[in-house]
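Read through the structure below, which is laid out as C-alpha cells, and then see the notes.
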Amino acid sequence: MMTNLFSVFDPSAIFNLSLNWLSTFLGILMIPSIYWLMPSRYNIVWNSILLTLHKEFKTLLGPSGHNGSTFIFISLFSLILFNNFMGLFPYIFTSTSHLTLTLSLALPLWLCFMMYGWINHTQHMFAHLVPQGTPAVLMPFMVCIETISNIIRPGTLAVRLTANMIAGHLLLTLLGNTGPSMSYLLVTFLLTAQIALLVLESAVAMIQSYVFAVLSTLYSSEVN
C-alpha cells in the first residue's frame with residue numbers, strides 16, 4: 001500500500017536516462033515569448049508580482065545589501081513556484097517533492113552565505129552566536145544552540161518544501177484511489193473534495209515558494 005502511494009514520486013527512466021527531471025527546466029521555454037509577443041494581462045500581473053517581491057526583498061536585505069542581489073531570490077521564487085504548479089498537473093513529475101532538488105537549492109545558498117559571512121564579517125558572525133542580553137552563565141549553552149540552529153537551516157528549508165509537496169499529493173492520491181469503489185453519489189462528493197484540495201494545493205504551492213525565498217533572503221541579510 002505504501003509503495004503504491006509513493007510511486008507517484010518515483011522518477012521514471014527511458015533508455016536509462018531520468019528524462020522526467022527535464023520538467024524542471026520547462027519554464028525556460030516560456031522566457032523567449034516575453035520578448036517577441038505583445039505583453040498580455042498575465043505578463044503585466046507577473047511583472048507586478050516580481051516588482052513587489054523586489055521591493056520586499058530589498059527591504060529585508062537592508063541598506064547593506066548589494067545592488068541586484070534580489071534577483072537571485074526572485075529567480076529562486078519563480079523556479080520553485082513554477083515546479084510546484086507543474087506538479088499539480090496529471091502525469092507531470094513533481095521535482096520539488098524530492099530532496100535532491102530542494103537540498104541542491106538550499107545547501108549551496110547557505111554555504112555561500114556562511115563562507116561570505118565568516119570571511120568578510122568574522123566578528124559579526126561571532127556576535128550572532130550569543131544573543132544580546134544573555135547572562136554569562138548561559139553563553140556557552142547559547143553558542144551551542146545557535147550553532148546547531150544555524151547548521152540545520154538548509155535541511156529545514158529543503159524538508160519544509162518537500163514535506164508540503166508530498167503531503168498534498170498523497171492526499172490527492174488517497175482520494176483518487178478510493179473513487180472506483182464508491183457509488184455515483186459519493187463520487188460527486190469525492191470530486192468536490194478533490195477540487196477543493198487542488199485549490200488548497202495551489203495556495204500551498206505559492207506560499208511555500210514565497211517562504212523559501214523569504215527565508216533565504218533573511219539568512220542572507222544576517223551575514224551582512
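Including glycine, each Cβ sits where the backbone N, Cα and C put it.
As given in Swiss-Prot:
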- 17-37: transmembrane segment (TRANSMEM)
- 72-92: transmembrane segment (TRANSMEM)
- 99-119: transmembrane segment (TRANSMEM)
- 125-145: transmembrane segment (TRANSMEM)
- 170-190: transmembrane segment (TRANSMEM)
- 195-215: transmembrane segment (TRANSMEM)
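Sequence-distant contacts of the transmembrane segment (72-92), counting only residues of its own chain at least 6 positions beyond either end whose CB sits under 8 Å from a CB of the stretch, comprise 23-24, 26-27, 50, 53-54, 57, 101, 105, 109, 161, 165, 169, 198, 201-202, 204-206, 208-210, 212-213, 216-217, 220. Panel annotation: around the transmembrane segment (99-119), residues 24, 76, 79-80, 83, 125, 150, 153-155, 157-159, 161-162, 212, 216, 219-220, 222-224 of the same chain, lying at least six beyond its termini, place a Cβ under 8 Å from a Cβ of the stretch. Same-chain neighbours of the transmembrane segment (195-215): 53, 56-57, 60, 73-74, 76-77, 80-81, 84-85, 87-88, 105-106, 157, 160-161, 164-165, 168-169, 171-172, 175, counting only residues six or more beyond its ends whose CB sits under 8 Å from a CB of the stretch.
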